[in-house]
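**Q** I grabbed these lines from TrEMBL:
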type	residues	note
ACT_SITE	Glu267	active site, proton donor/acceptor
DOMAIN	16-178	domain 'Histone acetyl transferase HAT1 N-terminal'
DOMAIN	277-328	domain 'Histone acetyltransferase type B catalytic subunit C-terminal'
SITE	Trp190	site 'Interaction with histone H4 N-terminus'
Amino acid sequence: IFFPGLTATEKKLAEYKCNTNEAIQLKLVRFPEDLEDENTTFNPEYSHQVFGDDEVAFGYKGLKILLYYIAGNLSTLFRIEYTSRVNEKFDCVEADDVESKIREIIPPGFCTNTDDFVSLLEKEVNFKPFGMLLHTYSIHNEEAGEDITYQIYKADMTCPGFREYHERLQTFLMWFIETASFIDVDDERWNYFLVFEKYNKDGATLFATVGYMTVYNYYVYPDKTRPRVSQMLILPPFQGEGHGAQLLETVHRYYMSSPTVLDITAEDPSENYVKLRDFVLVKLCQDLVCFSPVKLMQGFSQEMVTEAQQKLKINKQHTRRVYEILRLRATNMGDAEQSRSYRLDVKRRLIGPYKKKQRELAKMRRCLRPEEMTNQLNQIDLNLQREQLEESFQQLVSDYRRVLERLAQA
């Protein structure tokens, strides 16, 4: 792009801008050789919470922000490297203080040189997961040609060393969850669920951090709680392997055994989380008596709501989605009558918000003079509404089919 009137100085300054998502290099280190291996490096998806909406750091060429973590206890190495930097003499501009921005989110006590970090790595053999073991599972790894074992633990702030570990762990939220925020760990209503991988090093068994979930226990009058999933993150090197589903199912099973838990919800869930939850809840529900094909064809019932809540701690809204997914599986969409019946059933739910809007419009109409509200407006409304409804329906069905495909492979 040619900017008329762009001075030589301005052009020169433009060369000192770095994209922070590329500059930040993250690593989970198990062996000293991982430090030099580019394949173990991964980058943030987001850095706007630290570096502003542009996700740019000014004042450097070839900027690298190294944030390396020991795979288990997450002891941190933090270093900044660059090939050149603007100086004060250079047209009175200052480079961004990258270091203090990073220091704001990573806890103190990190290493700044590789030798210290490597000597900490040698002590990693002493690191053990926190809390109580809830679930062990294994996944076949093509690359390694063997099954790898994973474990899920429930921890809390009374576990020695967990508070400091959690401070290091939560820094990843900033890079991978768009609207992340740190939680108040002094509030005892938080539960923490952690996923670890077991791996071997020189004949010893070590543990690497895979991901975690935080759940807040809300009080429900008079004597129940409603756990709400707040944050969930599987670290990038482990994504797409099925750990999210294992974690969510384990958390559900943990709360299912508690008589005081009403049901489980989630705070502002992302699209990916909803897909994951659909899969896990359908997997849990498919064998309940109330979801037998015969009952599915009779429509959504109070029996489904009650059984899903009492046995599996699933709330009404999520039970309705489970019903729609399982009914799709039981429906022959090639059969005109079955397909029509399914479509009407789902659209009846989808039209709820539109009906609410219609009622609001009707109220407005009473306040306006008839000539201000032409009949045409109603017509446009209805046609648009039909189109939007059909679009929502098609989107849902394609999401539901994906859940069913995954279920068939599970």
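Every residue gets a Cβ built from N, Cα and C, even glycine.
Just so you know, TrEMBL annotations never went through curation; they're auto-generated.
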**Q** Let's check the environment of Trp190 (site 'Interaction with histone H4 N-terminus'): how many other CB atoms sit within 10 Å of its CB?
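**A** A count of 17.
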**Q** Could you state the whole-number distance in Å separating the C-alpha atoms of Trp190 (site 'Interaction with histone H4 N-terminus') and Glu267 (active site, proton donor/acceptor)?
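**A** Roughly 14 Å, rounded to the nearest whole number.
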**Q** Can you break down the domain 'Histone acetyltransferase type B catalytic subunit C-terminal' (277-328) into helix, strand and coil residue counts using DSSP?
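**A** Helix (H, G, I), strand (E, B), coil: 41 helix, 1 strand, 10 coil.
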**Q** Below 8 Å Cβ to Cβ and six or more residues apart, same chain only. Which residues does that give for Glu267 (active site, proton donor/acceptor)?
**A** Tyr216, Arg228, Val229, Ser230
**Q** Over the domain 'Histone acetyl transferase HAT1 N-terminal' (16-178), what is the model's average pLDDT?
**A** 93
